[in-house]
Amino acid sequence: MPKETVILAYSGGLDTSCVLKWLLDKQYEVICVLADVGQKEDFTAAEKKALKIGAKKVIVADVKQSFVEDYIWPAVQMGLVYEERYLLGTSLARPCISVALMEVAREYGAKYLAHGATGKGNDQVRFELCAYALKPDLKIIAPWRDVEFCCQFQGRQDLIAYAQQHGIEVSAKPATPWSTDANILHISYESGILEDPNTVAPENLYEMTVDPLTRAPRDPVHLVIQFDRGLPSSVEDLPGGRVYTKPLEMLDFLNKLGGSYGIGRIDIVENRFVGLKSRGVYETPGGTILFAAHQDLEVFALDREVLRTKQVLRDRMADYVYNGFWFSPEAIYARKCIELAEQRVSGKVTVELAPGYCRAIARKAAKDVGALYNEQLVSMDVHGGYVPQDAGGFIAINAVRIREHVRAFGAYDVPTKKN
C-alpha cells in the first residue's frame, strides 16, 4: 500500500526537524517546504538536513516578492495595525506561506498538511484557516495537539534527546532564552524570559535595530516617500540622491536606514485569538516609516467621513488578518471597500528620521487626483468662499442638545479648587 504524502511547513529548526522524523516514523512520505519570506536563513543547510532525516523532497519557495507586493503593500495601503501598535509582521506572512504550501500540495497530490505551530498560539489557526480556504479537502496534522506527541515531548530537552537519538543535527550554538520569527517586514521575540511581562528585554535581543539612545546618529535624515492609490511607489533618499522603485529594494532600504536610527521597536502585551494574553517584542523599522507616511497622506487626502468609515474597516481588517482570516469573505469585502477609498491617496510625503522615531514634515497630493486641502479657503489672510458669520447659526444648532441637557438635569457641576 503506497504511503500517504504530507506537506510539512519546515523551518530547519529543532521542532520541525523532530516533527519530520516523527511523521516518517508514522509511515508518511514527507515533502518539506521552506518559505523564504526574507529571513536570514541558510536554506541550503536546512535542505540538506531535511533530506538526511528522510524527507522525500525539499522545496525552497522564494516568496519574498509576493510577500511584499501582495501582503505588506496592501497592509500599508489599508493602514493595518492590531490593537493600535502591532503592524502584523508575523500575521501577514502566514497567508503568503500558506499559498506556497497549497501549491506544492496540489502539484504532488498531497492530502495532508503538517505544521509545527503550538497548541496555544495563533499560527495554528492562521495556517489551518488559510489551508481550508485554499484547499478545503486537505487534512491537517498538528503534532503539538496530538496527545501521543505531547506525551513524548514535554519540552525542549525531550526534543534534543530525540534528535540526538536519531542522528538529527542539533545546533551547537546556545539557544537564546526566547523564540524568534523573522521575515523581511519584522522580527518578533517571545516566550522564555519574555513571558514575565515585568522583565525588561535585554539589548542584545534586537537584531534589526540599534539602541536609539546610544548608537543611532544624532543628526536627522530626510526621505520622500511616494504613494499611488495608497500603495508605496518610490522612496527617495534625499542625502544620497538615490530613488528606489522596486518594492523589495524599497523595504530593504527603509529597514536598514530605519534600523540604524532604532526606529520601529515595540514591547507589548497583546490579545491572542485563542483567548490568551501574550507578551511580544517586535522590530519593524521599514514598516513603521511607511505606516507613518501613509497615515499622514491619508488624512491629508481623504474626506473626513470617508476617513472615519475607512478607519472602522481598517480595525476590523486588522483583526481578520491577526486571527487568520485573510482569505475570508469578510476580509475580501473590507479590503475592496478600503481600496475604493484609497483611490484618492496619491502623492508624496517628506519624512524625518531621528533617533527612535520618524515623523512626516511635509506632504503634497499628486496632480492627477486633486486635493481637498484648499490653501486659499483655509487661509486667515484670504477672504471669500467661506462666510464666518454662518458659523453663528452652526454653533447655535449644535448647542441645542447641550442646552436641553442643562434644562432637564441642571448645569454641569464644574469642580473648583479649594484654597
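From the backbone N, Cα and C atoms, a Cβ is placed for every residue, glycine too.
Source: prediction; values computed, not measured.
Binding site for L-citrulline per Swiss-Prot: Tyr86, Ser91, Asn122, Arg126, Ser179, Ser188, Glu270, plus Tyr282 from the candidate set Tyr108, Tyr112, Tyr282. Cα of Glu270 (L-citrulline binding site) to Cα of Asn122 (ATP binding site): a distance of 11 Å.
If you take the Cα of Ala9 (ATP binding site) and the Cα of Asp123 (L-aspartate binding site), they are about 12 angstrom apart, rounded to a whole number. According to DSSP, Gly12 (ATP binding site) sits in a coil region rather than a helix or strand. Ser179 (L-citrulline binding site): 15 other CB atoms within 10 A of its CB, across all protein chains.
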